[in-house]
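A.B. asks: Handing you this structure, nothing more for now.
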Amino acid sequence: MGTVDLNVNSDPVGSRPPARRRSPFNSIKFFVLCHSLLQLAQLLVSGYMKSSISTIERRYGFSSQKSGVLAAFNEVGNTILIIFVSFFGSRVHRPRFIGSGALLACLASLLIAMPHFLSDPYDYANRVSCETTRQESPSQEGVYPLLLLGQLLLGIGVVPIQPFGISYIDDHASRRNSPLYLGILFAVTTIGPALGFITGSLMLRYYVDFDKLSPDEIELDSKDLRWVGAWWLGFLVASCLVFLTALPYLFFPRNMPQEDGADDVETRPDSKHQETNQLQELSLPQFLKSFPRIALRTLRSPVYLLVALAQVNLAALLSGLATFMAKFIERQFSQTVSFSTMMIGAVGIPMAVLGTIMGGILMRRFCLSVSGASKLCTIAILLCTFSAMPLLLIGCPTQRVAGVFPPGYCGISFTRGWEFISHCCGCPQDAFNPVCGSDGVEFRSPCHAGCGAMEMDTNDKNYTECRCVGGLGSAAPGTCGSGCAHLLRPFMVLLGITSFVASLSQTPSYMMILRTVPAEDKSFAVGVQYMLFRVLAFMPGPVLYGSVIDTTCILWGKKCGKQTSCLYYNLDHFRQRFLGVQVFFVCGGLLCFLLTIVVLRRASRRQEAQPDGRAGYALVTGQKAAEDAASKEKELLGVKT
């Protein structure tokens, strides 16, 4: 011990750098690992909300549009703060801000689960009288605002996580390894939503009120259209994970040694740090004064703007896929909620992870410039268009439901006179307990099927003496289904291919964003990019998809005279409109990437006479003008040089 102390005191300067290098909190690789785990947990919350949205919709009687608003509401707080947080990224302790935001997200996740503990048990049979419902309406009406508040706080909490993390990695990683690290980060964090969907699949197999009822009191099974799973349970689990992954950020330094700094002397000049320090001297009034001009300066870069708009189109596609694709599979192919959720988490998202990793590998393997990255993105989205089109043709026709579809059809009663029509179609509107007749026609309840008796076997029950049912005149509990579950396999294969190909563009497009703005505007540019995501994609996207889905509803639920969630959809319209919107966004992304190639080609021709572009990932045009604009901006603000 004495010898060690003497050595440290005799040569403090020489001994400190090795000590810092030995600390894992001074390693960018360890930061990438921790940040991947944090985003894994944080996006697990987001993915779990998407996987549970249709269950929450059914539990509390929301429309799809209302569910879309709920799914998108976390973007409200995120949008308000994202640019300010990103602009101040170079002047604050980024790791600590990331950790603080994660702790807030942890509390928000707990808040989202609260409505379950404040609500009465789920009444799937409408056994509660309407007068009792009116008396309890204040507490029930308070559920939606509470969920919105939880989503709002969740959005605020995650504001600093990705922008600060991306800029921190790119600032301290070597030029060669930065794309690989970001590719790994994007790939690992993509697993977060996948785990959210898989967790949702597991949790939704348990009845929502298993903590309030004994097993003997639970009469439904997961195949029943009235089934509601334990949507709240996953938020408690995710909250614990977010808390644990937030703790390491309290120990990371504000700045760490550069990775392989000797290799980056040319590509990472000292002027970059000088410019960053100058920007840190800006006061809040100066920031507010410069904010519009810097935002306009960033958006004036045509490559940056086109790439950001292309990503907006793909983000809008993702918002609909993540929020409502499980519901689409459930309805279109007659699957349970948990199985449909598992399909998204086990097929769609993992294929997107592979595509993201492959995009980063291609960038690193071929050392693609911004021009090469734009071509890679264009090819990927073009192939995505070809693989997405056939999805419109794979689906099921709407099943026959007496009194619902086709309109005016009430089973065999239509051919037997008005007395049968009044008996089969004159049941209470609130009644919803689907049964499948022996003639293949589905009825909303045994009453609508005209059943007069019920037989009980060992584990099954069967309704008999059903005067509105043809054939044997009997009916089995549950839906008849769409009858084309065999088409689920080719649909999921095409969906997986589409996810893989589209994700090839993720890492190249992010590198294009980072390489087309001045170094001091990097955090700000990422913030503008994420603001565009939220304002143009993540906020309106789920609401748009939910509104489109609502237009395909052919029977709304009723409870005490109030409209609840949709009971039956026109499956042909559901498929055509839902997937049609996604194809539209894919084509929008393709157009933006094509225009990026055109802009880069024209800029390259203009600079052929004076070639001074940088190697590797550097943009061949626009960089000098952006830097001059930045210098002029600082002079106007009175920043000392």
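Here the Cβ of each residue, glycine as well, is placed from N, Cα and C on the backbone.
Just lifted these from TrEMBL, have a look:
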| type | residues | note |
| --- | --- | --- |
| COMPBIAS | 1-12 | compositional bias 'Polar residues' |
| REGION | 1-20 | region 'Disordered' |
| DOMAIN | 31-606 | domain 'Major facilitator superfamily (MFS) profile' |
| TRANSMEM | 69-90 | transmembrane segment |
| TRANSMEM | 97-118 | transmembrane segment |
| TRANSMEM | 143-168 | transmembrane segment |
| TRANSMEM | 180-208 | transmembrane segment |
| TRANSMEM | 228-252 | transmembrane segment |
| TRANSMEM | 303-329 | transmembrane segment |
| TRANSMEM | 341-364 | transmembrane segment |
| TRANSMEM | 376-395 | transmembrane segment |
| DOMAIN | 418-467 | domain 'Kazal-like' |
| TRANSMEM | 491-514 | transmembrane segment |
| TRANSMEM | 535-557 | transmembrane segment |
| TRANSMEM | 577-600 | transmembrane segment |
A.B. asks: Taking contact to mean 3 or more CB pairs closer than 8 A (sequence separation of 6 or more), are the transmembrane segment (228-252) and the transmembrane segment (97-118) in contact?
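C.D. replies: They are in contact.
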A.B. asks: Can you see whether the transmembrane segment (577-600) and the transmembrane segment (376-395) are touching - at least 3 CB pairs under 8 angstroms, only pairs 6 or more apart in sequence?
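C.D. replies: With 3 or more qualifying Cβ pairs, these stretches touch.
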A.B. asks: Where, among 303-329, 341-364, 376-395, 535-557, do we find the most CB pairs under 8 A to the transmembrane segment (180-208)?
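C.D. replies: Per the Cβ count, the answer is 341-364.
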A.B. asks: For the transmembrane segment (341-364), what are the same-chain contacts with Cβ under 8 Å, counting residues 6+ beyond its ends?
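C.D. replies: For the transmembrane segment (341-364), the list is 47, 51, 176, 179-180, 182-184, 186-188, 190-191, 193-198, 200-201, 204, 321-322, 325-326, 329, 335, 373, 376, 380, 488, 492, 495-497, 499-508, 511, 617.
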A.B. asks: Tell me, roughly as an integer, the mean pLDDT over the domain 'Kazal-like' (418-467).
C.D. replies: 79
